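According to TrEMBL, the Zn(2+) binding site annotation covers H15, D18, H150. Look at TrEMBL and you will find 277-286 tagged as compositional bias 'Basic and acidic residues'. Look at TrEMBL and you will find 277-302 tagged as region 'Disordered'.
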Amino acid sequence: MTHLPARRLLLVHAHPDDETINNGATMAKYAAEGAHVTLVTCTLGEEGEVIPPELAHLAPDRDDTLGPYRVRELAAAMAELGVTDHRFLGAPGRYRDSGMMGLPQNDRPDCFWQADLDEAATHLVGVVREIRPQVLVTYDENGGYGHPDHIQAHRVAMRAADLAADPGFRPDLGEPHTIGKIYWNCLPRSVVEAGFARLREAGLTFGGIASAADLPGLVGDAEVAARVDGRPYAAEKSAAMRAHATQIAVDGPFFALSNDLGQPLLVEEFYRLVRGEPGPGERPENDLFAGVEGPGTAEVGA
Ligand SMILES: [Zn+2]
């Protein structure tokens, strides 16, 4: 029998780096506060574009060794965030990165986009019933911005939440567990636009500036259910982003992906609540666990 902390947070992401870009400050905050933070990453990100020229040989059309390299980047990022429980869906490399929507890689039989939904979700059911999280964080139904692996991660996370709660589903995977609150990542348009205004004023070194419309999960302010103030964890988030060096270039409070278009590095992180009730207190909520924090520790495992 293992004892886990009273507060347990599960995040489901598509590729190494998505967790830090979307939720790095949230993960650092809850880890620092003693919550159990579990990250499940669905692919190794084998199809990512490589930024540093000296690492270009890792690319899928050359050595095709970007996946194992990104496993190490993710481990380094998690060390920066203080997160010790990070896993890959099924096993490392079980599902391959599907590449951007419309590419031939989408049709590879081993890619995540082609995965059987219930089979993929079953791997996650085992994690849910083991960790018994009160809170799940994943993407919206468009995966934030339409990448097939993000859409699939959304589907797998939502399906696993349902299956994990169903006492008739695979009792061998543990006692059923209902996740109290499910959040989807989002970005309020007002915050993003203010961030881009800072970026234009700063005049930085990237090749250009992204547009707000390129960012995932843009919503109106009224749709934001929770805002996590990660400002005390800005340094941790920035360091974790730097750890994903094949994918992210960081310049102070800004960063760019492989398109070399600058965007603001946000340390306040935003969520829509799609299952469960908001906790008592202020709106938007400032604590993902508001209203669902369980008493004491959980006894998990056999
Ligand atoms: Zn991704």
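The backbone N, Cα and C atoms fix where each Cβ goes, and this holds for glycine too.
Unlike curated entries, TrEMBL annotations are predicted automatically.
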Other parts of the chain folded back onto the compositional bias 'Basic and acidic residues' (277-286), taken as Cβ under 8 Å at six or more residues beyond its ends: 181, 224-229, 270, 292
Intrachain C-beta neighbours of H150 (Zn(2+) binding site), sequence separation six or more, cut-off 8 angstroms: A14, D18, Y139, N142, G143, G144, P216
Tally of residues which DSSP labels helix, strand or coil - the compositional bias 'Basic and acidic residues' (277-286): 0 helix, 1 strand, 9 coil
Nonlocal residues around H15 (Zn(2+) binding site), in sequence order (Cβ under 8 Å, 6 or more apart): T41, C42, T43, L44, G45, G48, R70, D97, D149
8 Å Cβ shell about H15, D18, H150 centroid, Zn(2+) site members excluded: H13, A14, D17, C42, T43, G45, Y139, G143, G144, H147, D149, A153
Cβ-Cβ neighbours of D18 (Zn(2+) binding site) (radius 10 Å): 29
